[in-house]
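Each remark here refers to the structure printed beneath this line.
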Amino acid sequence: MAAKLIVGLGNPGPKYSWTRHNAGFMVLDRLASLSGIQVTRKAFSGLSGDGNWSSERVYLLKPQTFMNLSGRSVAEALRFYKLSLSDLIVIHDDLDIPFGKVKLKEGGGHGGHNGLRSLAQELGSSAYARIRVGIGRPVHGDVVNFVLTNFAKEEMDSLLEVLDTSVDALEMMIKEGMPKAMSIFNAR
């Protein structure tokens, strides 16, 4: 049985729990809840857990290093589990996608996302699968402040649906492959 390292990007601590930048953590928490995998073990400068889900051995990781150092945590976990970049799936927020949309991508640049920038620096490559959770862009104001604010009330009302869509996309990536998952979820 193959294995996957599934990483949700975010910032640690209750202060950031419901911020837009923590969409990756939120999706990973939803996956953990649905799969019964506990993500509570302290390892790899993060919180981790493992189990079987969707006919795969999966290792779940929430780096606790703050976003701009997440690459260290991910690199450490990949080395420990002897996995390659093709076994890595990273879930993160994306300003360039409207709130409520979920898009899949293989490879590509960091687009100004500090977590992805850290991954590229530590891994020496961006050749891994991504689930991009749309958070939209601020109409006015600073992007940094925007990603560190909580979702608005009207967004919170539909957040669970977004998290479930992200988990569905992840499951299709694992079961049926990235091309099929991209053709379905990127068309929505």
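Backbone N, Cα and C define each Cβ position, glycine as well.
Not measured: the values here are computed from a predicted model.
These come from Swiss-Prot:
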type	residues	note
SITE	ASN11	site 'Discriminates between blocked and unblocked aminoacyl-tRNA'
BINDING	TYR16, PHE66, ASN68, ASN114	tRNA binding site
ACT_SITE	HIS21	active site, proton acceptor
SITE	ASP93	site 'Stabilizes the basic form of H active site to accept a proton'
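Here the features listed in Swiss-Prot are painted onto the structure.
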residue: ASN11; record: site 'Discriminates between blocked and unblocked aminoacyl-tRNA'; CB count, 10 Å: 22
residue: TYR16; record: tRNA binding site; CB count, 10 Å: 18
residue: HIS21; record: active site, proton acceptor; CB count, 10 Å: 23
residue: PHE66; record: tRNA binding site; CB count, 10 Å: 15
residue: ASN68; record: tRNA binding site; CB count, 10 Å: 13
residue: ASP93; record: site 'Stabilizes the basic form of H active site to accept a proton'; CB count, 10 Å: 26
residue: ASN114; record: tRNA binding site; CB count, 10 Å: 18
Looking only at the recorded positions ASN11, HIS21, ASP93, ASN68 (tRNA binding site) has its closest CA neighbour at ASN11
The recorded positions listed are TYR16, HIS21, PHE66, ASN114; by CA-CA distance, the one closest to ASP93 (site 'Stabilizes the basic form of H active site to accept a proton') is HIS21
Same-chain, non-site residues whose Cβ lies within 8 A of the TYR16, PHE66, ASN68, ASN114 Cβ center for tRNA are ASN11, HIS21, THR65, MET67, LEU69, SER70, GLY115
By Cα geometry, the one of the recorded positions (HIS21, PHE66, ASN114) nearest ASN11 (site 'Discriminates between blocked and unblocked aminoacyl-tRNA') is PHE66
